[in-house]
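According to Swiss-Prot, the protein has these features:
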- 112-124: compositional bias 'Basic residues' (COMPBIAS)
- 150-173: compositional bias 'Acidic residues' (COMPBIAS)
- 380-401: compositional bias 'Low complexity' (COMPBIAS)
- S372: phosphoserine (MOD_RES)
- 108-199: region 'Disordered' (REGION)
- 368-440: region 'Disordered' (REGION)
- 1-21: topological domain 'Cytoplasmic' (TOPO_DOM)
- 43-78: topological domain 'Extracellular' (TOPO_DOM)
- 100-223: topological domain 'Cytoplasmic' (TOPO_DOM)
- 245-264: topological domain 'Extracellular' (TOPO_DOM)
- 286-440: topological domain 'Cytoplasmic' (TOPO_DOM)
- 22-42: transmembrane segment (TRANSMEM)
- 79-99: transmembrane segment (TRANSMEM)
- 224-244: transmembrane segment (TRANSMEM)
- 265-285: transmembrane segment (TRANSMEM)
Amino acid sequence: MTNMSWSFLTRLLEEIHNHSTFVGKVWLTVLVVFRIVLTAVGGESIYSDEQSKFTCNTRQPGCDNVCYDAFAPLSHVRFWVFQIVVISTPSVMYLGYAVHRLARASEQERRRALRRRPGPRRLPRAQLPPPPPGWPDTTDLGEAEPILALEEDEDEEPGAPEGPGEDTEEERTEDVAAKGGGGDGKTVVTPGPAGQHDGRRRIQREGLMRVYVAQLVVRAAFEVAFLVGQYLLYGFEVPPFFACSRQPCPHVVDCFVSRPTEKTVFLLVMYVVSCLCLLLNLCEMAHLGLGSAQDAVRGRRGASAAGPGPAPRPPPCAFPAAAAGLACPPDYSLVVRAAERARAHDQNLANLALQALRDGAAVAAVSADRDSPPCSGLNATSRGPPRAGGPASGTGSATSGGTVGEQGRSGAQEQLATKPRVGSEKGSTGSRDGKATVWI
């Protein structure tokens with residue numbers, strides 16, 4: 001026991017300190033200070049002579065060893081060392097899982113960062129032949145940025161850093177908090193002292209909550225088991241003498257224990273430390289449960305206060321590509337920012353509506369031209385000379401014997417002929433001396 005080194009276990013427990021809650025850090029302090037230090041320092045000096053000073057009032061060879069085995073089937077110090085190792089095992093296993101998960105997440109983040117590029121993808125510039133003499137040089141014309149890219153870029157997270165490189169731990173923490181976390185956690189941590197010292201939210205963001213609770217339950221079960229075993233083996237005090245009747249002792253002999261009072265006090269201290277660790281485990285489980293319940297209540301209140309969100313924007317491709325005359329190569333998509341895509345979609349809708357109005361106006365103008373009566377000014381020239389012996393037309397001369405209604409209709413036709421058409425592409429040619437107006 002004098003050469004026992006606790007440095008390895010202490011380093012492991014200090015690493016667990018970085019992935020535990022506030023109550024878990026208190027438990028770790030109690031474990032390191034009151035258990036490891038007391039067992040390594042106090043137990044070494046108190047129990048160093050427990051077998052050498054255990055004497056019996058007989059000279060029978062082997063009787064002392066048999067009686068000491070009956071008095072202490074397992075040494076107090078060895079029992080407590082075994083208890084520390086077993087109780088620390090769930091925490092060490094949790095640490096191994098946490099380190100593996102975080103290392104895997106950082107590796108995935110590094111690969112994702114390597115796939116990111118500082119700008120849009122540029123196609124390799126083709127090697128063009130030199131221009132003929134007299135032509136301008138094409139080397140200063142720049143490179144055309146493509147508008148097409150593979151769809152594998154769509155799975156990249158929005159808001160990612162532009163250049164390649166690995167993010168720091170603080171940036172990844174803020175990133176996950178802004179997205180709503182990873183794993184089982186849904187809470188968003190605000191920057192500040194409260195967010196920095198709350199290990200529960202960090203465990204939720206890292207997706208380690210279930211494993212952390214499982215190791216708490218196992219640790220509490222081990223504490224209860226060792227408390228029961230310590231009571232069954234040693235009771236609550238170390239007696240000053242022990243009556244032994246085992247073979248090869250010739251009769252019932254009395255054996256005497258060295259420093260029984262000091263060992264009794266130390267035994268009671270270890271009982272208190274074990275109960276304190278068990279209480280801290282229960283408090284930590286209650287802290288995790290109440291904290292998760294509070295986060296759920298706050299999330300519901302925030303959702304009810306915010307009210308229903310805005311209606312989702314329709315997809316950019318609201319019209320089929322075949323109807324719009326668009327065709328894209330397979331596995332390709334337009335590289336457009338989210339804001340620009342929405343603005344372009346609205347502009348396309350406005351352009352389509354304006355084009356529909358123009359088409360409707362053109363169709364209405366064509367139908368109006370088909371349904372309009374012929375011009376009255378062309379009657380005299382288009383009909384030709386009157387037939388021989390036929391009656392003169394009511395509108396052919398000023399001295400015709402037509403009725404008043406016919407004269408009114410002829411006047412209306414003349415006004416309609418002289419009025420310009422709506423939507424015609426060319427103007428009209430007319431004369432100021434009263435000649436007929438001809439539309440082209």
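Backbone N, Cα and C define each Cβ position, glycine as well.
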Which sequence-distant residues neighbour the topological domain 'Extracellular' (245-264)? Criterion: at least 6 residues beyond either end, Cβ under 8 Å.
46-47, 49-50, 53-58, 60-64, 66-68, 70-71, 76, 236-239
In the same chain, which residue numbers or ranges, 6 or more beyond the ends of the transmembrane segment (224-244), come under 8 angstroms Cβ to Cβ?
56, 63, 66-67, 70-74, 76, 79, 83, 86-87, 252-257, 260-261, 263-264, 267-268, 270-271, 274-275, 278
Quick check on the topological domain 'Extracellular' (245-264): DSSP residue counts for helix, strand, coil, in that order please.
5 helix, 4 strand, 11 coil
Per DSSP, how many helix, strand and coil residues does the topological domain 'Extracellular' (43-78) have?
16 helix, 2 strand, 18 coil
Give the nonlocal contacts of the topological domain 'Extracellular' (43-78) in its own chain as ranges (CB under 8 Å, at least six residues past its ends).
1-2, 233-234, 242, 244, 246-250, 253-259, 262-263, 266-267
